[in-house]
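Q: Handing you a structure now.
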Amino acid sequence: MNKPLRRIAIFCGLLMVALMVRANWIQFVQADELQSDPKNRRVAIERYGQPRGNIILSNGEAITGSTEVEGTDFRYKRTYKNGEMWAPVTGYASQAYGATQLEAIYDGILTGDDDRLFFNRTIDMITGKDQKGGNVVTTLDQSVQQAGFEAMGDKRGAAVAINPETGAILGLISTPSYDPSVFAGNSAKDAEAWKKLQKENDPSDPMLNRALRQTYPPGSTFKIVTAAAAIESGLYEDIDEKTDSPDPYLLPGTRTNLPNDGNHSCENASLRVAMQWSCNTVFAKIAHEVGNEEMIEYAEKFGFGQEHFVPVRTAVSVYPEDNQPQNAQAGIGQASNRATPIQMAMVTAAVANDGKMMEPYMVDRLVAPNLSTVEEHKPKEMGQPISGETAQKLQQAMETVVEKGTGTIAQIDGVTVGGKTGTAQHGENNEENPYAWFVSYAKTADGSTPIAVAVIIESADVLRDDIAGSKLAAPVAKAMMKAALEGKG
Amino acid sequence: MSTSHTTGSNTTISSGDLPSRRNTELAMLAFAVLIPVFAYANVGLAVNGEVPAGMLGYGLGLGLLAGIAHLVVRKFAPYADPLMLPIATLLNGMGLVLIWRLDQSERVPLVREGAAAPNQLMWSALGIALFLAVLIFLKDHRILQRYTYISMAVALVLLILPMFFPAVYGAKIWITIGGMSIQPGEFAKIIIAVFFAGYLMVKRDALALASRRFMGLYLPRGRDLGPILVIWALSVLILVFETDLGTSLLFFGLFVVMLYVATERTSWILFGLTLAVAGAVAVASFEPHVQGRVEDWLDPFHVVRETGNANQPAQAMWAFGAGGIIGAGLGQGHSDLIGFAARSDYIFATVGEELGLTGVMAFVLLYGLLVERGVRTALAARDPFGKLLAVGLSAAFAIQVFVVAGGVMALIPLTGMTMPFLAQGGSSVIANWALVAILLKISDTARRPAPAPAPSPDVEMTQVVRS
């Protein structure tokens, strides 16, 4: 019987070998895949096993924190300071619902898992310490944000403030907002809070980042781009040159007359006057004369037609490809012309910075747990959409708007302010309440421009004239500019 | 002493005067006790940050049990294989540590059941007591041969009884009497091996020789085919009525292996495999419990994708994955996420997570070593009954390890069986100690030196005359 016994021995050996091969397969070959399976609770347990690094303002103050929680295998939970105000900047990090925006983009740094923190991690492992997360230092300015958020009050809208010289984002407001702390854990209470914030349960959609992710018809604020196109294309050389435009303006190829708002004379107005009183007729005519293709080109030079990563991805602003009457209307920021608040802030900043457009960014540097800098943002030029000369001409026009036009409400003593109001009609037959826009920049006595702002308010007031922009949105912009200037002085 | 059997030979396949290797066993036992004690300290340090209070008692207890077992082996089975007892002790000790480690889990589903390690320690002690009883009272394994048909009756009763008890977690493998529950399948595997060994020893010539050659195969006669069909039917019945894939696989595999060894005819294996596959496929095609297992095996993560909730097969895969090569370290993994079966059917996943691939390989090698020592015992045994019984018990052990570990690692569909010596469960640990005891007893007989021939006075006389 020994021959079959030897075969049985081999058979039993093969059974064991099969087990070992299988073990090698799942524990060596497949291990990485299994370990990183997002449904694997270990991923979350490990992630929340140590406090997360913080998101920090330009003044060094942290707007996030971590707190130890009991009764769950997730040891640490994210906390937010003044969460509602900063939510558009931080996004959220929730044990149950994952992370978004900065929390998601820099998850590796914040948890300490990033490859660039490998050295730190190894040292911690050897010395037996818990893994530590790094910090994300933003460009956000506490006082600018605070001023804008307070001025916004309970109105629905967004505001973006940029330093035109560097592209650094100083303020990023979206209202109504939410406090990411309320659903940072994974309890039933967190689930309820999360549910309440969803769009289907809250029509005001508090979790939408209106500053970066929502596009609106830019309304009259777009006239800055149209004016730039007029000068750059050589249509008009001087902003005080008469434009030979009728009032009202018959939209090309139609029998529809485009009127102006308010009782200002726009007939044959110069660019300066047209900006001052926000003449629809003048800019619609310019858009028509420049032509759809070239209008698209000029808009794209300012950053329309692409996503921007600040590093949070923005929605795409579009200047539409369209027929003549639509193109003329798009030139005054209507029709299917759409822009995000940050896009309009970029346009304003480019004009304020003498035509040089800086890449907008909100993360200044990433810091390892041992405080060494892992990555630092160097201001980058995105392009030169308009020449310095054109920019200066536009600045003069925009300064006239604030000095003695529709934007006088934004005047700040001892400071040169340039701005542009806007009221964007929307809805079918323009029946819904218009959006109130205001874009502006402030220039100090020494010639530097520390801030450019774009504000939009999804107006609740029924105001159909251009004053709406200045009445609702301009005070917010003014508050933010003042805060930035005070911080500088 | 003859020099032809050198001390360098460590084989058990040898007749005559082998060294008894009792001191080797003692040295190995020292390791088998020390390793779990260190592991116990390791868990305590990892979980509570201190050396566990019970460490000394645990170490002494395990050491004492091992020591007594060793002394009894020395006295009652002096030539027994020196590796089996240490391997069983090490496995049992590690099993206790793993169960104790899972007792420390703070997760809700496990706390409910309370601590299982103290009970397991008690069952282990009982198992070792049975081990000692077998060594002391079973003078010769051939005595078991007398109980061939009684064994058959007992095995049938044990296998059929669970049908009349309610299913636990989908399988009817338990007999519950007054709060105590036993898993008769664990004992049945030994008793059935005894029955097969006795039956086949008598019938093997008839089975092997009375067959016709057909297409290069020896086809058995119909009347010899009878028993195999009965066994096949029985294993299918177990599968159907008790939805116990594991026991029927074990039961059938055991029978095929022993038939093959007894008859030396490959045709029996082909028949066996064909019938096994036919039965399994037939049952799997209409039995939902079995179908579910097959689905889980083909895609362990389908439930996670469909419902978002992680089920046990998925949790086990993640546990193995989490262990990687060197493991998370005892007490530092999350294999308790598996839930209620973490300490029983799925305990090997804890090995995978906390001791890593290294630990899994070590455990599989230990099991493999124990099995191969068993098969060597069969080779060395001089009587056909001993050979058959030893190979049967070893093969049953190997199949059980393969089925459980393979199931947990999704190599084959999962079946509810226990990992010998590691898993929580009284029946299992007691039965496996008995199994090792019987193997030890056979190996003792096999390796025992033949009695020295009586000195022949004639030889001397002749020499005297010559000189």
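Keep in mind that glycine also has a Cβ here, set from the backbone N, Cα and C atoms.
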Q: Using TrEMBL as the reference, determine which range in B:6-26, B:447-467 is annotated region 'Disordered'.
A: B:447-467
Q: If contact means at least 3 Cβ pairs within less than 8 Å, sequence distance 6 or more, would you call the transmembrane segment (B:83-100) and the transmembrane segment (B:421-440) in contact?
A: yes
Q: Do at least three CB pairs under 8 A connect the transmembrane segment (B:120-138) and the transmembrane segment (B:421-440), leaving out pairs fewer than 6 apart in sequence?
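A: Contact criterion met.
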Q: Restricting to the same chain and to residues at least six past its boundaries, which positions have a Cβ under 8 Å from a Cβ of the transmembrane segment (B:26-47)?
A: 54-55, 58-59, 62-63, 66-67, 70, 82-83, 85-87, 89-90, 93-94, 96-97, 100-101, 104, 329-332
